[in-house]
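Single-structure report; data block below.
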Amino acid sequence: MKKVIFSGIQPSGQLTLGNYIGALKQFGQFQDEYECFYCIVDEHAITVPQDRLKLREQTRSLAALYLAVGLDPEKSTLFIQSEVAAHAQAAWILQCNVYIGELERMTQFKDKSAGKAGVSAGLLTYPPLMAADILLYQTDLVPVGEDQKQHIELTRDLAERFNKKHADIFTMPEVFIPKQGARVMSLQDPTKKMSKSDANLKNAIFLLDPPATIRKKIKSAVTDSSGIIEYNKEEKPGVSNLLTIYSVITGETIASIEEKYVGKGYGDFKTDLAELVVSELEPIQERYYAYLKSEELDTILDAGAEKAARVANKTLKKMENGVGLGRKRRK
């Protein structure tokens, strides 16, 4: 039996090269080896204010991007979170098994609520919903960035607590972080992560950026004054970030890239890297726009929601029986 992978991405903001390298690029590779569930987590998105029309547009756009990067709907299950009711139902059960102190200690809650007067309860209870997303599918592996590890640890705690207290039904998920490229940094401030929500658009390369924009952003990426192309995260964070991008896209080791550019300057390196990124993203963009115009996209999402619901409802029923909700049903 194949191990199960679950991954969810919010439909808020444009996806970046960091999202692609950290997660999306691996999705096509996973589906031959694992049973994969890829979820567009629109219920997570509404923990902060959203424009309803824009949210729906971004949800459909993200689905098209998932397919454009290589997801095969015959091998993977692609669906929208809100179209599978079990997610919200399971989240409530888990919310009743988590402590407020655990939620308040979450770094993401602290960061997003800092200095704000009106913070939604949904932002605080985000982790139980994320745990439900993962646990409903008896997930073995969760591909996440370093910044999400704390949430996975809480998910494991909740699974263990529920298994001991109510019913032993959950698989214990493990974090899966690619060795290289899991954390792509900002182009202008390489001490912080590249983010799709960054106000400075120069900090990120977006997957739908035109080639000219990609070249301009990489050309203006922060480096240093030494002119030597070598990986040193502490002393040369900008160049190290660009080397990481180069390595993940080409599959070459960083050492071999360093050797290739001995005696060459940042200009040559950035020019070559820009062309590599453009070559990587152009075919994705072509497939994206084709899916966006096609009725096939909705057919795929309908089928994905149906399959996801069948799997999730089995786990939800066990959860309900475990805590004594409703009548004990055979079907």
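From the backbone N, Cα and C atoms, a Cβ is placed for every residue, glycine too.
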State the residue range annotated as motif ''KMSKS' region' by Swiss-Prot; the candidates are 143-147, 193-197, 313-317.
193-197
The DSSP breakdown of the motif ''HIGH' region' (11-19) into helix, strand and coil residues is 3 helix, 1 strand, 5 coil
Looking only at the motif ''HIGH' region' (11-19), report the model's average pLDDT.
89
Please count the residues of the motif ''KMSKS' region' (193-197) that DSSP assigns to helix (H, G, I), strand (E, B) and coil.
0 helix, 1 strand, 4 coil
Expressed in Å to no decimal places, the gap between the Cα atoms of N19 (ATP binding site) and D133 (L-tryptophan binding site) is 19
